């Protein structure tokens, strides 16, 4: 009796993880629709009406932490059967490397940074908790891969996209950080790297990263995360592009918003 109940609960969790992935896609569609009407309220687009704010460095550490802590917990757990498989370990490590950088390195490289509205920080914490659980739980308990999955073209191409996307993202962040010299204030036009082709090179890199992860994982959960990332960051990129065009008369008109030569 107890065994049957336990098996039913496990199957219920598997169905729930699939449902959460579809929910993430639905929320992504809602975010995409909302971004057509409303500015995204943090950074340079933050509304003055948001009075309660969190220092930028602290906000980044706190909001990204769940997506680092939850996978680490799964690695440490003795009840994570799928992490005995190399493909699962590598995929979860890909997720961890990104959030390790985002939580423990990126915030401490920031130069200044506007305080983040508490509401935006809270929503980011909620998302990172939701997605950190979804990805880590699926990979540690439910994702089944053949031992030779790491030689499958889908995994190899996906891993290559993930790595290239992360490098683009980190390099683009480096360019943005170094726009201002000590004592400088105000904004400048980013130049170099993929910024020669798009306004939001850092976002392009992150979207590429998670599309690669989705391909390598070949899962609904990975695809849902990549889709949500595109929905959220594409709206943010459009706001950036519009802002630069309004702010700088000399802004390069040939630059696309997010995807080189296309969009």
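Just so you know, the numbers here start at 1 and follow the chain as drawn.
Using the three backbone atoms N, Cα and C, a Cβ is placed for every residue, glycine included.
Residues 130-131, 134, 137-138, 142, 220-221, 223-225, 227-228, 230-232, 234-235 of the same chain lie 6 or more positions beyond the ends of the transmembrane segment (16-33) yet place their CB under 8 Å from a CB of it. If you look up Swiss-Prot, you'll see 16-33 (among others) marked as transmembrane segment, on the strength of sequence analysis.
Marked as transmembrane segment by Swiss-Prot: 90-110 (among others). Tertiary proximity for the transmembrane segment (90-110) is limited to same-chain residues at least six positions away from its ends with a CB under 8 Å from its CB atoms, namely 56-58, 60-61, 64-65, 67-68, 71-72, 74-75, 83, 128, 132, 135-136, 139-140, 143, 150, 159, 162, 166, 170, 173, 177, 209, 213, 216-217, 222.
What Swiss-Prot lists as transmembrane segment is 115-135 (among others). Proximity of distant same-chain residues to the transmembrane segment (115-135), defined by a Cβ-Cβ separation under 8 Å and at least 6 residues beyond the stretch ends, is recorded for 17, 20-21, 24, 41-43, 46-47, 50, 52-56, 59, 62-71, 92, 95, 99, 221-222, 224-225, 228.
What Swiss-Prot lists as transmembrane segment is 155-175 (among others), and the listing cites sequence analysis.
When Cβ-Cβ distances below 8 Å are used as the criterion, the transmembrane segment (213-233) is approached by residues 17-18, 20-22, 24-25, 27-29, 31-32, 35, 91, 94-95, 131, 134-135, 138-139, 143, 154-155, 157-159, 161-162, 200, 203, 206-207, 258 of the same chain, each at least six residues removed from its ends. The transmembrane segment annotation in Swiss-Prot covers 213-233 (among others) and is backed by sequence analysis.
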